[in-house]
Amino acid sequence: MRQEQTLFSRPLPIALFILIALAADQFIKYLVEAYLPFQQGVPVMPMLALYRTYNYGVAFSMLSGMEGWFIVGIRLAVVTFVLWLWRRTPKDRFFAHLGYAMIIAGALGNLVDRLLFGYVIDYILFYTATWSFAVFNLADSFITVGAGAIILDELLQAKKERSLKL
């Protein structure tokens, strides 16, 4: 039986998606660097501010004390692993392939920052009067939403397999 190919299971669409997402991430970071004051909140709406800061580590500033090339190596290993998963995943799994594309785009967006500046530019802050979430960026959002898409795909696949057994 022939598997139906989803859009992001093909190399050209995934490459275009990644390039467009990477360009959007880098353009926004350029604007943030050019116009947003450093470590001063600019309220956008209740509980959301723009707040430019630099992350010298990985997610939530973990590993910020590590050598920069070690972190670059980790990011390259993640991209390589996700590409490997993308190639091995059945071609009919739309959300998984979309998730892989988003994770790759996000990892590359932060990798470009790391290579150019030695840190990642973060600028989105959710907060209340007594609490604030870690400052993050569009690339981080791609990674998070991409992981969610992969989990959704797994849940849908499990449901599909259960319904076929009935």
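Cβ from N, Cα, C; glycine included.
Note that the coordinates shown come from a computational prediction; the quantities given were computed from them, not determined experimentally.
In sequence order, Tyr51, Arg52, Thr53, Tyr54, Asn55, Ala134, Val135, Phe136, Asn137, Asp140 make up the list of same-chain residues 6 or more apart from Asp122 (active site) whose Cβ falls under 8 Å from its Cβ. Sequence annotations record features per position, and here Swiss-Prot assigns active site to Asp122 (among others).
Sequence annotations record features per position, and here Swiss-Prot assigns active site to Asp140 (among others). DSSP assigns Asp140 (active site) to a helix.
Panel annotation: around the transmembrane segment (12-32), residues 50, 52, 86, 97, 100-102, 104-106, 108-109, 112-113, 121, 123, 137-139, 142 of the same chain, lying at least six beyond its termini, place a Cβ under 8 Å from a Cβ of the stretch. The transmembrane segment feature in Swiss-Prot is assigned to 12-32 (among others); the stated evidence is sequence analysis.
Swiss-Prot lists 66-86 (among others) with the feature transmembrane segment. Same-chain residues lying 6+ beyond the ends of the transmembrane segment (66-86) with a Cβ under 8 Å from its Cβ atoms: 9, 14, 57-58, 97, 100-101, 103-104, 107-108, 110-111, 114-115, 118.
Per Swiss-Prot, transmembrane segment is recorded for 92-112 (among others). If you look at the transmembrane segment (92-112), the same-chain residues 6 or more away from its ends with a CB under 8 A from one of its CBs are 3-9, 14, 17-18, 21-22, 25-26, 29, 72, 75-76, 78-79, 82-83, 85-86, 120, 137-143, 145-150, 152-154, 156-157.
The feature transmembrane segment is assigned by Swiss-Prot to 138-158 (among others).
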Asp140 (active site): tally of other CB atoms within 10 A of its CB: 23
